[in-house]
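Trainee: Okay, these came from Swiss-Prot:
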{"type": "ACT_SITE", "residues": "Cys99", "note": "active site, acyl-thioester intermediate"}
{"type": "ACT_SITE", "residues": "His392", "note": "active site, proton acceptor"}
{"type": "ACT_SITE", "residues": "Cys422", "note": "active site, proton acceptor"}
Amino acid sequence: MGQVLPLVTRQGDRIAIVSGLRTPFARQATAFHGIPAVDLGKMVVGELLARSEIPAEVIEQLVFGQVVQMPEAPNIAREIVLGTGMNVHTDAYSVSRACATSFQAVANVAESLMAGTIRAGIAGGADSSSVLPIGVSKKLARVLVDVNKARTMSQRLKLFSRLRLRDLMPVPPAVAEYSTGLRMGDTAEQMAKTYGITREQQDALAHRSHQRAAQAWSDGKLKEEVMTAFIPPYKQPFVEDNNIRGNSSLADYAKLRPAFDRKHGTVTAANSTPLTDGAAAVILMTESRAKELGLVPLGYLRSYAFTAIDVWQDMLLGPAWSTPLALERAGLTMSDLTLIDMHEAFAAQTLANIQLLGSERFAREVLGRAHATGEVDDSKFNVLGGSIAYGHPFAATGARMITQTLHELRRRGGGFGLVTACAAGGLGAAMVLEAE
């Protein structure tokens, strides 16, 4: 095993996660239709602070992320500070690491705590797929800039005359990789074919995710970590995630057609995460600061790792790459884990990563390691369901997973939990959590 890297401050304090909260997650254009991500972020941070009863001045830093950014609010973190009654002097900045954005936010706050520049901070993320930055064509954008510089009406009219009808059409945000033009679903199809993952296996994982998420809500396990949202026109509260299909059957999944490779594909809307709106955040502190305030931490951040691979082929292998690093830095193995929570971008991606974590050949030939990371024990894996069921507001998913895993660890009497995710751009993230 490689070098263990303890996550402690200069005084030897562990990094404590004292509280976490999220909004219910909503499918695109449903409960949060028209609510921008910045307002979702304000909603969850304001409620998180109110529930924790931590004085606003105790929070010295807020690091927040948004993947689909709005031009009018480029620093969502600062807008949240200014819009929630937090101390105006609170340091705030925004981060983006695609689907691992709130993993990055947590890591950044942890690094500030370890450096000793702060003693308490908030990390999280929010995204809205219902309020999108609809742009204009490149040609129209260039003409508009030139028109602004033109001095006479005739010059302006001449510039506009260069435009054609198609140049005036609105341009939605890109859903494909900038460097390759591949959509995430195209990559999921690649992975299904590369690793021999069948449609039946994908549908079974998706069904499992929905069944377990529905059971978690039914058992009341999520009530403490999901706030009630009140949104215009305030006719009724929004209480639970609205994507979960608790009454579905495997036969229902089999009815859907492939969404990306129409002829030979196996990836469908049902075995993929839907476009989703929501926000999530966690409060981190040094262990000694939590004790001073009389707070009992949910748990501790034991280690983290970020990785990057090529984007042209099977780029959603982040968990298979980042997990061994995070475990190594924590001084643990897969068998030491009580829980494993992997982001389910697609069932195909999830199953491919599970396969490679247990592959000796992948470990030797690709990772350059002597042995496989370890088999994933199904009894420990995504025990409350995953992103296919809950949905995936890109920047919020990591904070959801961290909070959910820590609560479940505490229900089980403590232990170690792994949270891990793939992300666009061939990125990967993994964190090891500890609860007592």
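Every residue, even glycine, has its Cβ placed from backbone N, Cα and C.
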Trainee: Here the active-site residues are Cys99, Cys422; which one has the lowest number of other Cβ atoms no more than 10 Å from its Cβ?
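Mentor: Comparing Cβ neighbour counts within 10 Å for the active-site residues Cys99, Cys422 gives Cys99.
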Trainee: Between Cys422 (active site, proton acceptor) and His392 (active site, proton acceptor), how many Å separate their Cα atoms?
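Mentor: Distance between the two Cα atoms comes out at 12 Å.
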Trainee: For His392 (active site, proton acceptor), list the number of other Cβ atoms lying within 10 Å of its Cβ atom.
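Mentor: Total other Cβ atoms inside 10 Å, all chains included: 26.
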Trainee: Write down the Cα-Cα distance for His392 (active site, proton acceptor) and Cys99 (active site, acyl-thioester intermediate), rounded and given in Å.
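Mentor: The separation of the Cα atoms works out to 8 Å.
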Trainee: Under DSSP, is Cys422 (active site, proton acceptor) part of a helix or a strand, or is it coil?
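Mentor: Going by the DSSP assignment, Cys422 (active site, proton acceptor) falls within a strand, counted as strand.
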